[in-house]
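Visitor: Checked TrEMBL, it gives:
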type: TRANSMEM; residues: B:27-48; note: transmembrane segment
type: TRANSMEM; residues: B:68-85; note: transmembrane segment
type: TRANSMEM; residues: B:132-152; note: transmembrane segment
type: TRANSMEM; residues: B:158-177; note: transmembrane segment
type: TRANSMEM; residues: B:189-207; note: transmembrane segment
type: TRANSMEM; residues: B:227-247; note: transmembrane segment
type: TRANSMEM; residues: B:311-329; note: transmembrane segment
type: TRANSMEM; residues: B:360-383; note: transmembrane segment
type: TRANSMEM; residues: B:395-425; note: transmembrane segment
type: TRANSMEM; residues: B:445-461; note: transmembrane segment
Amino acid sequence: MSDQASTIPAPRTEASPSDNAALLELSSVEVAYGGIVALKGIDLEVRQGEIVALLGANGAGKTTTLRTVSGLLKPRSGEVRYAGEALTGIPAHKIVQLGIGHSPEGRRIFSRMTVLENLQMGAYRFKSVSQKDLDQVFELFPRLQERRTQLGGNLSGGEQQMLAIGRAMMGQPALLLLDEPSMGLAPLIVAQIFEIIERINALGTTILLVEQNAAQALKLAHRGYVLETGEVVMSAPAGELLNDPRIREAYLGETAE
Amino acid sequence: MSTTSISELSAQVRRLRKQDAWWKNPMLGRLAIILALVLVLSILTNQVQGSSSDYTLLFKSSWFSSRGAQYVIGGVLIWIIAEAWRIQGLRRIAGQTISVAGRRTALIVPRSFTRQYSRLAGFFRWLIPNRWFRRVLVLAVVAVAIFLPYLGLFTLPYFQSVLAGQVGVYVLAALGLNVVVGWAGLLDLGYIAFFAIGAYTTAILSGKLPVGADGNPEAHPPIHLNLFFAFPIAVVLTMTAGLILGAPTLRLRGDYLAIVTLGFHEIVLQLAKNNPHNLTNGPLGATGISTFRFNLFGVHYDWNPTDSKPYWFLAIGLILIVVFAFRRLEHSKVGRTWTAIREDEVAAAASGVPTVKYKLMAFMIGASTSGFAGVLATAKITAITPDNFPLQLSIFVLAYVIFGGMGSLTGVIVGASLMTFLPFFLQGPPSWFNSGKPVVDPKDIPMWVGAVLLTMMIFRPQGLIPSKRRAQELAQAEHGVGDADAMTEPAEGVAP
């Protein structure tokens, strides 16, 4: 995918994408909703080709981080760098043009538009909707092809999530931000969606994944960050996090003895 | 899917960042709008009409002259004041820096200025929540309002008449509309229809309508009542009218409801014009309507239409009663339920709120307040025709509510007072100041009023004194969270 020879030292991991150049970097980013500080200066890095999982309890600042990257929120201080360049001052709708796709929390599909129209909206940044991309989304999500003429609001929760991801994919993102794709879905559907996320990554899209479902997210991801009340408390390769007793206790529901 | 290389992406980011030029600052955009507005005003108010020998005369005399300079300086001053005010408003709503977008603000407003300004604002913020301070303040304001007809320019009968017949009446009406629009979030464009119903009720109860079939105004009006009795009757009638309009239509939402209320206004107006059963006397309306009498406990007092002061006192009394009642309502379960309906009707219904019932309640309370105001207005002007209740008036009252700050009682009172007073002030009394001339050309008054509204909506869309919740909704919408527009449908289809 990339022709970059990375000069940044690789983290301790055997996974190859983590040797690539950083696609997204957050350096001491602070975000506040009014007087309430949601992110207290977080540092984060996503390398090209990686799946990075962002874990944490409710209110830790995971969604805020994604919204900041996609320009929906403006950092109070700090910098979001994409491909090495600061995104400061670029409005959200232009950030999409840079190939940052955001599948928001709660899916936010256009419920009174058909599945096809939803996908076409995803390709808004291009002059015309590419049939190739559409075919690719339908290949990833065959269910969407079956339901292409149905209204988005009439889909099941799992199908809506597929639609939300598919819509983001239509923008040919280099970096895909996924906000809780497993929210409110049955375990079987969650497994299915995670499998598709892996395939999307294999096709060359870098993914920043926000999840409550820590176990599954860490199995999928190359690296993980753990957020707590707006701060990064831990960052390590996914395998290490998965075996860390503190993580197992806090997020995987196991009691440490 | 995409195979863009990092270096290509970096180049794209750099290109987009370059587009973020300083001149795209929304502040400067607002300055441009203000200047455009000022230039249009300076042309439209210019006495010079143009000349056949010099086609550019109009532009020269309105733009490239000392007059043009005055307008431009005035516009820039308004812009500076309004920007400072806007920043302060956003600070108060959203807290610290984000809504002001730090970097961009720093370009234009010096830090020291904003710091000093917020220190001043901080003092008031400490003072205003103080319960005793608030009580004293309210008492002082009421006292000033009562003595207003003895102060300054209000000693002139012209302004006393404006106070009683316009300010008092429309503050009352706007308070009622605030319940419908500001609290329950129902867009009502036919609000003055209820006002008209109240007015006609007054005319009928006072014995001026219906006039006999022979055209003799004194033929056989069946009822002659002291107009104080018109209040309860008008309230009941307008409530019923609100019920009749609301019951079938409140299932509609947003724009649809607005159109239906618009139609209702037109129906009421046409009914009054068509004179059903000689009830309304058609386009001629009623004249010589008697007014309030007080004859109780040995005290006897007649309101005299030539003296506006007693009407003003009565209006203040009525406003106080209504404000007291509405304040209780706002902080009761009912007020909370209205807010919930406005925020998310589906969620409210899911919590067990009978939404139609509560919307109907808001509608009826609003309608009855409008009828209340109609009685007061009719008693003051003593003559009504259907032309007293144009559709325009419904829209004006809505504008007063939005100007003052939807959902905020204080805001609505201040907003309605200023906006009703402004056109009459501009028209000016015959021989007061400005050497007896009106402040501006009377023909230009709607334009000036429009300019004030426009400036207000550009800089402070939340209104003069916004309700906290409304202001938050707006601030959040600016950040892309939620929806400021109460008139839209609730979010649907999140997950079945």
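Any Cβ shown, glycine's included, is placed from N, Cα and C.
I'd like to know what surrounds each of these features in this structure.
Guide: Under 8 Å from some Cβ of the transmembrane segment (B:132-152) lie the Cβ atoms of residues 160, 163, 308-309, 312-313, 316, 320, all in the same chain and six or more residues away from its ends.
The list of residues near the transmembrane segment (B:158-177) in space but at least 6 beyond its ends in sequence, with Cβ under 8 angstroms from a Cβ of it, reads 148-149, 188, 191-192, 195, 308-309, 311-312, 314-316, 318-319, 322-323, 326, 365-370, 372-373, 376-377, 380-381, 396-398, 400-401, 404, 409, 412-413, 415-417, 420-421, 424, 429-430, 432.
A Cβ distance under 8 Å defines the sequence-distant neighbours of the transmembrane segment (B:189-207), meaning residues of its chain 6+ beyond its ends; these are 173, 176-177, 180, 221, 223-225, 227, 229-230, 233-234, 237-238, 241-242, 245, 258-259, 261-269, 272, 279-280, 285-286, 289-291, 366-368, 370-375, 377-379, 384, 386, 388-391, 393-395, 397-398.
Counting residues 6+ beyond its ends, the transmembrane segment (B:227-247) has Cβ neighbours under 8 Å at 190, 193-194, 197-198, 201-202, 205-206, 260-261, 264, 290-294, 359-360, 363-364, 366-368, 370-372, 374-375, 379 in the same chain.
Proximity of distant same-chain residues to the transmembrane segment (B:445-461), defined by a Cβ-Cβ separation under 8 Å and at least 6 residues beyond the stretch ends, is recorded for 30, 33-34, 37, 41, 44-45, 78, 82-83, 85-86, 89, 399, 402-403, 419, 422-423, 426-427, 474.
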